[in-house]
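Engineer: When I checked Swiss-Prot for this same protein, it listed these features:
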BINDING   124-126, 153-155, 180-184, 248-255  substrate binding site
BINDING   Asp124, Asp126, His248  Mn(2+) binding site
SITE      Lys108  site 'Important for catalytic activity'
TRANSMEM  6-26  transmembrane segment
TRANSMEM  293-313  transmembrane segment
TRANSMEM  375-395  transmembrane segment
TRANSMEM  406-426  transmembrane segment
TRANSMEM  468-488  transmembrane segment
TRANSMEM  494-514  transmembrane segment
Amino acid sequence: MVRLKTSLWVLLLALVSIQLNGSFGSESSKVAYVTLLYGDEFLLGVRVLGKSIRDTGSTKDMVALVSDGVSDYSKKLLKADGWKVEKISLLANPNQVHPTRFWGVYTKLKIFNMTDYKKVVYLDADTIVVKNIEDLFKCSKFCANLKHSERLNSGVMVVEPSEALFNDMMRKVKTLSSYTGGDQGFLNSYYPDFPNARVFDPSVTPEVLKTRPVPAMERLSTLYNADVGLYMLANKWMVDDSKLHVIHYTLGPLKPWDWWTAWLVKPVDAWHSIRVKLEETLPGTGGGSNQHDELVVKFLFLLPLCALLFCIYRSIQGREGSLCWSSFSNQIRYLYYKVRSNGTLGYGGVSTMSPSYQPHSGNAQSKVPQHLGAVSVVVCFTAVLLSLGISFAIVPRQIMPWTGLVLVYEWTFTIFFLLFGVFLLFVHQHGKRIAIQSESSSLDDSAKVHQRAGGSCDVTTLYYGLGMAFLAIAAVSLPYILGITALFTRLGLMVGLAIILAAFMTYASEHLAVRWFLKGLEDRRDTTRSNSLCFLC
């Protein structure tokens, strides 16, 4: 009998324990953090957001509402990162005229119908949590941050889901105006009295709250939705940055996962400090990377280097390739003697100087086409634009900032020198054709002189190329080296250096075109240059 009673007590205690555990588990699942993902482009942002939430010590559910545009691999990766993935259908934008990127943004309203949870904190994919925000679950029925012009921002919201509330929104979605053409404008119309709501104060005790009526909505302070756009205007936060809880990257196309944003927007450093700590939950995903981008980066980095080595090899293998180094050495010696003498040293001062650096005769100068300089400038800047466009198109967007910068420089320089080099070779060939048609004895003499050193390297072209490269690198790196963080100051310095670069390129392109045309006049009997794209030698 005693044993039976003991067994019954043990069974009763077990049932009570299970019930209590179930209750506690149910309580913990009544609230959640929620975000939306429309496509794979914002996947890295959601991953970093989740990591930032977990780094604050939160164990609440993290729910990612994903649309049909999200790949199965992305869903698998989010689950591996600890997100609960829920598939949803898009809500069409009812506005007749709206930006293309706002087509499905009304889908955000579906968070008001997440009735499995008592309360949810919604965070855009371009936000990060830098300090624990569990206090937001104390906020009333609807909470958001009031931005400039007395408009609420829907990037961070606290919502008490309700089917009745959601259905009411769906009935009014076609009748209420939206100043943005999206969900944010609709919510401002749906909650017209929001600017008059009181500010949420997480320090108020539960006892005090019980004595107050429950407000229909509350405003979140800037601490819970720190706008990077406003930061860039003043180059500082309007509040103590050590008290910030959420940073919101609102600068339109300048999203933190795009490598170039880090070179313009200082607060992106905080985002990348979280990104680099992302765990490898699936193979090749550590640090926010992916296997495809890693392979592309390696290919893009090695290909121009291999092409350069091949070009050098072909030059060395040439019958007169060694003269390139000799000419370069002679140029160094010339500069050394000039500095040492502290005066002007004529070209004849160094007897070993290549004849290609001697002044051209007036007869040869008269052969230069009238518009060659202007055409060369147009070709030069067209080559720059094409090089930049191709480089930004082929370099993956979501790689680390330094990696992206190095690859863009590498490919811009490579493509530019190839394009402009082909143009110089064309000008050189054009000079040859004109020289062949002319039977001027002065040109014959010039040709004979040049053929005695026909393989020597055109160091002047190399100097111009190095000058362009130096100014191009300085235009981006100098603000960083000087520690300038203000956006407009950075941009101003970059623009100033870019103007200097443009002036130098104008001068260099015009002089190089004339120089290579005159060399074509001299080289009309030499066929070695036209057979190689390695146009420096």
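Even glycines carry a Cβ here, placed using N, Cα and C.
As the structure is a computational prediction, the values presented were derived from the model and not from experiment.
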Engineer: Can you tell me which parts of the same chain pack against the transmembrane segment (494-514), counting only residues 6+ beyond its ends and a CB-CB cutoff under 8 A?
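Structural biologist: For the transmembrane segment (494-514), the sequence-distant neighbours (Cβ-Cβ under 8 Å, at least 6 residues beyond its ends) are 368, 372-377, 379-381, 384, 420, 423-424, 427, 460-461, 464, 467-468, 471-472, 474-476, 478-479.
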Engineer: With a Cβ cut-off under 8 Å, give me the same-chain residues at least six positions beyond the ends of the transmembrane segment (468-488) that come close to it.
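Structural biologist: Same-chain residues near the transmembrane segment (468-488) but 6 or more away: 232, 235, 263-266, 405, 409, 412-413, 494, 497-498, 500-501, 504-505, 508.
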Engineer: Of the recorded positions listed here (Lys108, Asp126, His248), which is spatially closest to Asp183 (substrate binding site) when Cα positions are compared?
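Structural biologist: Closest recorded candidate to Asp183 (substrate binding site) by Cα: Lys108.
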Engineer: I'd like the number of other C-beta atoms within 10 A of the C-beta of Lys255 (substrate binding site), please.
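Structural biologist: Result for Lys255 (substrate binding site): 21 other Cβ atoms within 10 Å.
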Engineer: Among the binding-site residues Asn153, Asp183, whose Cβ has the fewest other Cβ atoms within 10 Å?
Structural biologist: Asn153
Engineer: State the Cα to Cα distance, in Å, between Lys108 (site 'Important for catalytic activity') and Asp124 (substrate binding site), rounded to an integer.
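Structural biologist: That separation, Cα to Cα, works out to 10 Å.
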Engineer: On a C-alpha basis, identify the one among Asp124, Asn153, Lys255 that is nearest to His248 (Mn(2+) binding site); the candidates are the binding-site residues.
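Structural biologist: Ranked by Cα distance from His248 (Mn(2+) binding site), first place goes to Asp124.
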Engineer: Counting every protein chain present, what is the number of Cβ atoms, excluding its own, within 10 Å of the Cβ of Asp124 (substrate binding site)?
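Structural biologist: Within a 10 Å radius of the Cβ of Asp124 (substrate binding site) lie 22 other Cβ atoms.
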Engineer: What is the total of other Cβ atoms whose distance to the Cβ of Asp126 (Mn(2+) binding site) is within 10 Å?
Structural biologist: 23
